[in-house]
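Undergrad: These came from Swiss-Prot, pasted as-is:
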BINDING   Asn43, Gly44, Glu45, Arg102, Gln103  ATP binding site
BINDING   His136  Mg(2+) binding site
BINDING   Asp225, Asn229, Thr230, Gly231, Lys232, Thr233  D-ribose 5-phosphate binding site
Amino acid sequence: MTERYADKQIKLFSLTSNLPIAEKIAKAAGIPLGKMSSRQFSNGEIMINIEETVRGDDIYIIQSTSFPVNDNLWELLIMIDACKRASANTVNIVLPYFGYSRQDRVAKPREPITAKLVANMLTKAGIDRVVTLDLHAVQVQGFFDIPVDNLFTVPLFAERYSKLGLSGSDVVVVSPKNSGIKRARSLAEYLDSPIAIIDYAQDDSEREQGYIIGDVSGKKAILIDDILNTGKTFAEAAKILERSGATDTYAVASHGLFAGGAADVLETAPIKEIIVTDSVKTKNRVPENVTYLSASDLIAEAIIRIHERRPLSPLFSYQPKGKNNA
């Protein structure tokens, strides 16, 4: 059992979106979750009460802004305000999943940049720092005028696949879309494996027309993406890989939303195993071949390092056994 963290000036609070990961983070950090209550009135309004003193403390609020996105976002904003009014020393937010991060640019005329709007709201509410996990677009960090620590899950995935023996030239890491090349290359470098990309003649509306850039024939393929939403991207990519001669297909994503009947889509796809982190607690049905890999130890270590003013750089890498550290 993890020993109790000595400094009692740091406090962790969990809101309602993902209590399981918050409990794991608290256990890994050796810091019990603070006492608070959150309730929603019949008219939809949210009321929060912090049931212990936070005066002069460094506060870390854990909340994934997943579905219901707007309720979870407002609960977070209200909790931030409660901490500020209770004279907390610093108010830091831990977002295992950052909702609205995909709305990071104007893709069509007269569209908003909602990720920037959310960043403005959180900053205006009075936060001092953001800790998050695998932002959809890393430039979202620049939407804040405060420190943002964007932790990477690729080292966790690399360690998992290395233990399963999925590495080397017999494995190919595949990006199911051209925007995910950097993520695929990062995992491939850890596994000493080649990469491949699934591209499309026009757009994603005709996924069956996708073609592969790279060699997957006779290899075990690992599809990697940041968000698993409806499952269609993975399902169609797996079919393309199967037609192209891949022997087995695995899939991995940082955030498993499993929205819109994703389980039905994925269970009919030729995918042996799907790995996601526990960044999102979903009420939707999850496919039987899904394995959850907890990001709680990574987040807990980041929180302690931030509090102790130590560097986070050791958290951004994984050194496979047998490799020279020199």
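Just so you know, glycine gets a Cβ as well, placed from its N, Cα and C.
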Undergrad: Any idea what the Cα distance is from Lys232 (D-ribose 5-phosphate binding site) over to Glu45 (ATP binding site), rounded to a whole Å?
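TA: The separation of the Cα atoms works out to 35 Å.
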Undergrad: For Asn43 (ATP binding site), just count the other CB atoms lying within 10 A of its CB, please.
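TA: A 10 Å sphere around the Cβ of Asn43 (ATP binding site) contains 5 other Cβ atoms.
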Undergrad: Would you list, in sequence order, the residues of this chain other than Asp225, Asn229, Thr230, Gly231, Lys232, Thr233 that have their CB within 8 A of the centroid of the site's CB atoms, where the site is the one recorded for D-ribose 5-phosphate?
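TA: Result: Ile227, Leu228, Phe234, Ala235, Ala262, Val265.
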Undergrad: Give the three-state DSSP assignment (helix, strand or coil) for Lys232 (D-ribose 5-phosphate binding site).
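TA: It is helical.
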Undergrad: Tell me the Cα distance separating Gly44 (ATP binding site) from Asn229 (D-ribose 5-phosphate binding site), rounded to the nearest angstrom.
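TA: Given the Cα positions, Asn229 (D-ribose 5-phosphate binding site) is 26 Å from Gly44 (ATP binding site).
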Undergrad: Report, as a single number, how many Cβ atoms besides its own are within 10 Å of the Cβ of Gly44 (ATP binding site).
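TA: Looking across every protein chain shown, the total is 9.
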Undergrad: Does DSSP give Asp225 (D-ribose 5-phosphate binding site) helix, strand or coil?
TA: strand
Undergrad: Looking at the binding-site residues His136, Asp225, Thr230, Gly231, Thr233, which ones sit with their CA no more than 10 Å from the CA of Gln103 (ATP binding site)?
TA: His136
Undergrad: According to DSSP, collapsed to three classes, what secondary structure does His136 (Mg(2+) binding site) have?
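TA: Where His136 (Mg(2+) binding site) sits, the three-state DSSP reduction gives coil.
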Undergrad: Of all the binding-site residues here, Glu45, Asp225, which one's CB has the most other CB atoms within 10 A?
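TA: Per the Cβ count, the most surrounded site is Asp225.
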Undergrad: If I take the alpha carbons of Arg102 (ATP binding site) and Thr233 (D-ribose 5-phosphate binding site), what is the distance between them in whole Å?
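TA: Spelling it out, the Cα of Arg102 (ATP binding site) and the Cα of Thr233 (D-ribose 5-phosphate binding site) are 16 Å apart.
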